Amino acid sequence: MAALLLLFLFLFASSALSQDSLIGVNIGTEVTNMPSPTQVVALLKSQNINRVRLYDADRSMLLAFAHTGVQVIISVPNDQLLGISQSNATAANWVTRNVAAYYPATNITTIAVGSEVLTSLTNAASVLVSALKYIQAALVTANLDRQIKVSTPHSSTIILDSFPPSQAFFNKTWDPVIVPLLKFLQSTGSPLLLNVYPYFDYVQSNGVIPLDYALFQPLQANKEAVDANTLLHYTNVFDAIVDAAYFAMSYLNFTNIPIVVTESGWPSKGGPSEHDATVENANTYNSNLIQHVINKTGTPKHPGTAVTTYIYELYNEDTRPGPVSEKNWGLFYTNGTPVYTLRLAGAGAILANDTTNQTFCIAKEKVDRKMLQAALDWACGPGKVDCSALMQGESCYEPDDVVAHSTYAFNAYYQKMGKASGSCDFKGVATVTTTDPSRGTCVFPGSAKSNQTLGNNTSALAPSANSTTSGCIPKYYHHPHASFGDLTLLSLLLIIALVFL
């Protein structure tokens, strides 16, 4: 019976992961206070996001994703494209340093070579396919070509006459690049990567495209757009653009190349002339898009064929140049607070970013370590926090450093005090966050995971307010000079206490 139960749970979890992995997020870094890679990963895990796209191959970020199972798209930045395209050795070195050094611990699935090269870096268009081929050859040499795909993201503006979709075609100016590119994608089994922004199509249409049509809002049957050639009905701009890409490939006799949408989103704030960049519209678009993708609705041309889609983007990038809207595409602020709460009823756990009622207290990283240690000692002593989880061999002992241990103790005190104002300060060395700091089997007080692991046994979280015991002895929480004898005696006392409880 136990074996059957475990099998059921495994199959259930696998099914949920498969469903949720259709949605990913882009992680831009043009941010004033960019969270650390470990904080980024913690936020992604709390939101059940299993796919990400990076705009480079940052070492610290790739290390943070190790052993998480998150599927990662890494990128060759545009400024490295020329060098990659001119030398097989340069491409091989890039793959060695940025792929082989991390795979398979970090689940790199795709290498995006450049970004919107045909429309934003036109002078490099002629070398794009060469760069793709050199990277592919390097993967073959490293025996990684079956696990990792190579492609390049395009702006949807390379497609002309996108409505009706059946008449769409690629800008013929780029035929010398597009045709060999599609041949490469077909021969390697790689997807066409496409950036799809109904927001820009709507704004540039000057009122021709209805807002509801851009936002996936329900339309009356007589208001749906109909392709007169195929009689296919289109209820949203997103599907029309994706199908336009399918038809454009068909026009060139490529019919079996899948499409992955590498960017799509809606800005939540704009300048005086950007009237439709609002929180309500951003929430509506992204909520409806995620529902649409997760439900595997597909497109009118390919119904039931899910289009893996990456939301643009995880954080607001406040240092990006351009209009106000360019700085406000994020789902979250850098402190982990959601910009808005997505409406995802029935869409599962992914991006369930209503974290407004789930707050935690963590230690600040760039503060005096002696002040942290003093605050930790107070929390585990006079503060009456149960710090037993920080003992050597227990679930929260690793990493054995004062920041990690202080975070656990500070948060336990904060939760015990009912998140009262002032209970997360500790003389300036602590701060409140909405990102769950739990990791692996180390489940923090206040985490939604604590209900799964502890049930109703809240005694493990913190001692009673009436307790006369300290809950811990300061010296066995990040104290490198505690002796083996001290630890053994304390462990023995704990065992005796547990026996007689």
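Each residue, glycine too, has its Cβ placed from N, Cα and C.
Recorded disulfide link (Swiss-Prot): Cys361 to Cys424, out of the candidates Cys424, Cys442, Cys472.
Considering Asn171, Asn335, the record held by Swiss-Prot lists Asn171, annotated as N-linked glycosylation site. Counted over every protein chain shown, other Cβ atoms within 10 Å are most numerous around Glu263 among the active-site residues Glu116, Glu263. Neighbour counts of Cβ atoms within 10 Å were compared for the glycosylation sites Asn253, Asn295, and the top value is held by Asn295. A sphere of 10 angstroms centred on the C-beta of Asn171 (N-linked glycosylation site) encloses 14 other C-beta atoms.
Rounded to a whole number, the distance between the Cα atoms of Glu116 (active site, proton donor) and Asn88 (N-linked glycosylation site) is 23 Å. Nearest neighbour of Cys361 (disulfide bond) by Cα distance, taken over the recorded positions Asn171, Glu263, Asn295: Glu263.
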